[in-house]
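Colleague: Structure incoming, see below.
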Amino acid sequence: MMLMSAAGLEEEQEEEEQEEDDGVAHRAGQSCWSGDAGVCGVWRVVGWVYTQPWASGVVLGVVILLPCALFAYMLLYCPPLDIDLSYSAFEVHSHFSAERFDALTIAVKTQLGSWDRRRRDLDNSESEALRDLLLEKLGRQGVFNRTDNEGTSSSPLQSDPLQARDYQKRGDAVSRDKRTVPDLGQEEMGKHTSSNYRAGEQDERSWDGNHTSSFVRKRRFAPNYYLQSQALWRIELVFVAQGKGDCNIFTPERLQTIHHVERLLMQHPQFHQFCWKPLEVLRDLPLGPSYCSPPSSLLSYLYPSERGGKIYYDGMGPDLADIQGSLSLAITHPQFYWYVDESLSPEHLSSSLLRSEIHFGAPLPSYYSLQDRADEQRARFKNFVVQYADILAKQSTSQVKVLYGGTELFDDEVRHTFHNDMMLAVISGACITVLVYVLTSFSVFLTFFGLASIGLSCLMALFLYHVVFGVRYLGILNGVAAFVIIGIGVDDVFVFISTFRQASHLRQPQQRMIYTIKTAGRATFLTSFTTAAAYAANTFSQIPAVHDFGLFMALIVSCCWLWVSVLMPAALCIWTQCVEPHEHAWLNCWKLFSGLSASHSPLSDVDDDVALLSTLLSAIVYHCHPAGPGVFLLILLLSAGCCCLLRPATHAPLLFRPDTNLQTLLALRSNLSGQGISCPMCSGVFMEKPHSLYPHTSLSAFKFSAHQQTPSSLLTVYISKLDLGTSTTLYRFSLNTSTPSPWKLCSTEHEEVSSFQAYNQPHSNYSTRMTVCVSHVYHPYPSWMITSGLCEPRHGWTPEFSFYVAASPQQQRLYFAQHHLRPHPSRVCVNPPGCGISSGPDGPTQGAFYAPLPSDTSSAAKTKPSKTFGFNPCSGGVCGRPAVRPLVDTGAMVFVVFGILGVNRTEHKDNHVIGDMGSIILDPDFDIFQEMGHLCKICKAVSANKQLVKPGGAQCLPSGNKLSSILPLLHPECHSLPEPNLLPGQLSHGAVGMHGGKVRWLSMAFESTTYKGKSSFQTYSDFLQWENFIQEQLASLPQSSALQRGFQTCEHWKQIFMEIIGVESALWSLLLSLAICVAAVSVFTAHPLLLLPVLITILGVICLVVAVMYWLGWEMGAVEAISLSILVGSSVDYCLHLVEGYLLAGETMPSTPGHDSRQRRTLEAVNHVGVAIVSSAVTTVISTVPLFFCVIVPFAKFGQIVAINTAVSIFFTLTVTVAMLACMAPARFSRPPGAVLKASLAVMVAAALGAALCWVGGQLGALAWQSIST
């Protein structure tokens, strides 16, 4: 306080010395509009235009038609502006991690020439050329004669049938760099259409192992394709166990749910028109006559079908086979592990999830090939497959969560989600419209043109963004503009209306209009400039999506200010002279009719809200400010402490709400086996031949249920109840379908069951006897109970009937319990134990049993179980040993590349979605034969590092060509190279590039131990370990070796650096926007004591908002950092409006000495802009509240941060800023032109010094780095 007082005294002395000069300058500024003769120059024309209704109408017509015409031109004559939902928009292509991986991607694509499956002949020739090149080298060295001639006598294709598919698999591994969502694959929500090559590769694989499959493939590759014989599209299903108890998906209840879902999808009326029809399914008779391939699922083993005495593993059977036996058969194939999670082992056949795929084939009917009108076929399939979204969304139960994706289905759901979130902007606009209508005292005219100015600015911003700046896509982040601009635009509208109302003391229309335009235009310009500058600071971000977001928001905020400044004065002119009398008369009539008193006009200067707000804030101005600094300092310190506790993100960024199908599927991608491997031929249809139901060799080879030897049948137990009011509810158990009055059949409410099925005698696992007892001791109604023991005669219980159920997990689990109160009835329910009427340990009258799932008792065929019920294919141990878990790409795949120096992007247009990726720069000194020993040494060294590479994860050589047997002949170091543990038929990710008969580059692949579900900041340590280890290995090579220019790359590294760079660039944008804000406010206020309250308010707002983020449990990720970058621009608006009101108060109020002058000017400032800023804050919060309910997480978090920031900013403005202005603001300062000039010069000097310091620091850093590297 002493410092403030001293500063105030010193300032007053300085003001007294300059009082005359300031007064002269003030009078000179006032003289331009003090009277009719004083209206001078341009302002005379402006005042005349905006006081003539016809001229204002012309202005309205121009500013309305101009954006509409430009927008129509953009739609008609410019390329369409698409919505970019791709994840590649967030990739930093200039970063070394992106350049490395893009170079490898371009090299593989260049080697293949095309992703289309017709490139198979080229792949085969390249594979043969590599083999021939190695053999030729051996022949020149004289080693060839010592080799086994068997390898050369057979053709390359015969020696290794898989070699022709080598590069096709490599393309699958490397091409994942264009995923649109983390770890999704190209077939889900991407903009690229290169997924056809994967489908082609899948079709040519044959997991059956039969020699006849090669004939089938050759027939398929012929020019005359069979209809729907090529698996081109797919639906991917993931069934996740949920609910209480053991989360094992292999329970009868859960498997029955999965079976129901798969059958439901195949029962679609149009399924046969799109299903996949491979020739291998022709041997499966139960699939006829359509012969559509069933889902690729483990249920092909669990629900086999029977026809003609043979078992077919197609999943089409009606009954569940023996679970353990079926899984024991399926696990004998390595492909089994593709369907389950990583926790499953042969000793513990339990998985938390189960994968399934439904494949769809092409060419479709009336098309002769895949290439025949490919876009039309894709469109037809998309229109069909999106119908499954609504069906699958309703299939989740309390035990199984059904997730779905794949191909166009996932993409359609993302776009549907984006559309629904954008529709919330309509709700936001409607709420704002109502609020603006109320705050303008029910003026339809002003409400319409106020909101129209905001909408027109959006059209103009879109034209500038797309046509002038040439950006072809609207990023997903740009969607928040529809919400934020409403609050910002209404802020400017309220300021113009409030300023026009405050100028009612000026009697001449031109004076009043010029005052409104100059005052409101200046105030809104400064706030819009700082807000636009805060958004524009994001244009310096390296991430394209963030750059485009900053550009679009800066354009839309700038256009909004310009259109409001031009349109609102014209609307106010027409309203005051033409519309206001009619609206006011109508409003008075309505109020008189409703019994209310007439009020002032919307722009009256005696509104009650101004007086009310002045009364509420007078206590702050006169009494609260002495204690305000202490309280504010305490809040600031606590907030700063919480800011320091905010942690970096510890998990991958969320794109959608955690409970949605989209995000749950994305989260599971890090846990799924073989996320980059599709397995259309891994099910029992292709892996198992039809087995005889009664083998001739051994009757013990298969074990069947008891119903095959002893007839047994299902019976249905019906349950009805009688509610006796206050007494205990009675339950009746009967085998009769009729229900006597007053009993009522139980409903599904309260977890009750109306009936269940059981067996009339022991049947397979259903061997537990349950007895229904009845007692007539308690009148007037009998009582029934269920027991696993005997009925007790001494209590009047006599047996009614018995049935058999299972005690071990089977299909339907039911609980039963006997009430401890008289008449002791029993109740059956689905949950919980004890059925809510009893507690204690299980016993004869309380517990659980397993019953068959209900079936249609009206059909005799269904009351009798099928022959596959309880079928155990592994009885007698005939299934063999379990397969070893193969390598299925569960970790990040790291590539070590040699022969490539980088990527040339000189002709690459800077567009993050469309455009050529560039070309690779090859190393002319790379010679694979000279470096063969070093390459083998590096391969062994990397694969031996168990901390970085999974066991069996080294894939140093391409598939095929028998390279592992040829390379040791070239160099002794190549003996005993590590062999990868791959699925049968799975191709190695290792690749080579050949051109002109020479190997130009080589890449080794290693499946790392890096878990993809970690956050980017945690994964960065894994990157450093890989980088340091590879550099150590390369440094140990001779100086002349070309391998020293090799590098390691991984698609996962691109993703982690994307988030890290996003956070860093957002924080730098925050600092840049703060610097711009300080500079703008310094010039605007032209006084340090007016600048200080603004800076302190901004600092307090930022700290408190970040503290609130910490209290909410948030972590600092990319979304939070980007949201923080605009806090400065949105925090300065309200306090800057208040400072502008303080300066205007000095021009209109009579000067009084001392402390009272500050308080009076502060109170006048609150009266002048208080209503406008409070109304603006309310509208901003309301406009962002719908964002809270968005499914897209960046939208939701952005809306929450903006709402929190707005609430904190208006609170600090009306408390801290008001108190500081009343306490320490200059009492007689009125912003003379000389002070503005001095402030501008000071800002320019400070900016020059800052730029010089940055340049010097950059030069010193470059020199230091150069000295360290040398």
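Cβ atoms here come from the backbone N, Cα and C positions, even for glycine.
Whatever TrEMBL says is automated annotation, not expert-curated.
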Colleague: From 1-28, 673-700, 813-840, 1009-1036, which range did TrEMBL mark with region 'Disordered'?
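Modeller: Range annotated as region 'Disordered' by TrEMBL: 1-28.
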Colleague: Flag the pair the transmembrane segment (1166-1195) / the transmembrane segment (1201-1223) as in contact if three or more Cβ pairs fall under 8 Å (sequence separation 6 or more).
Modeller: yes
Colleague: Using Cβ atoms only, state whether the transmembrane segment (54-76) and the transmembrane segment (445-468) have three or more pairs under 8 Å that are 6 or more apart in sequence.
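Modeller: Between the transmembrane segment (54-76) and the transmembrane segment (445-468), contact is present.
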Colleague: So if I exclude everything within five residues of the ends of the transmembrane segment (422-439), which remaining residues of that chain have a CB under 8 angstroms from its CBs? That is, six or more out.
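Modeller: Distant contacts of the transmembrane segment (422-439): 447, 450-451, 479, 482-483, 486-487, 490, 493-494, 1175, 1178-1179, 1182-1187, 1189-1190.
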Colleague: Helix, strand, coil: count each for the residues of the domain 'SSD' (469-574), based on DSSP.
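Modeller: Secondary-structure composition of the domain 'SSD' (469-574): 93 helix, 3 strand, 10 coil.
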Colleague: Residue list, the transmembrane segment (480-500) vs rest of chain: Cβ under 8 Å, 6 or more residues beyond ends.
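Modeller: Here the qualifying positions are 422, 424-425, 428-429, 432, 436, 439-440, 446, 450-451, 453-454, 457-458, 512-513, 515-516, 519-520, 523-524, 527-528, 531, 552-553, 556-557, 560-561, 564-565, 568-569, 572, 602-603, 1133, 1137, 1168-1169, 1171-1173, 1175-1176, 1179-1184, 1186-1187, 1194-1195, 1198-1199, 1202, 1206.
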Colleague: With Cβ-Cβ distances below 8 Å as the criterion, list the same-chain residues six or more beyond the ends of the transmembrane segment (520-537) that contact it, or say none.
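Modeller: Same-chain residues near the transmembrane segment (520-537) but 6 or more away: 488, 491-492, 495-496, 498-500, 549-551, 553-554, 557-558, 560-561, 564-565, 1069-1070, 1072-1073, 1076-1077, 1080-1081, 1084, 1125-1130, 1132-1133, 1136-1137, 1140, 1169.
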Colleague: Take the transmembrane segment (445-468) and find every residue of the same chain, 6 or more past its ends, with a Cβ under 8 Å from one of its Cβ atoms.
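Modeller: Distant Cβ neighbours of the transmembrane segment (445-468) are 60, 63-64, 66-68, 70-71, 73-74, 78, 81, 429, 432-433, 436-437, 481-482, 485-486, 489-490, 493, 497, 551-552, 555-556, 558-560, 562-564, 567-568, 571-572, 574-575, 579, 583, 602.
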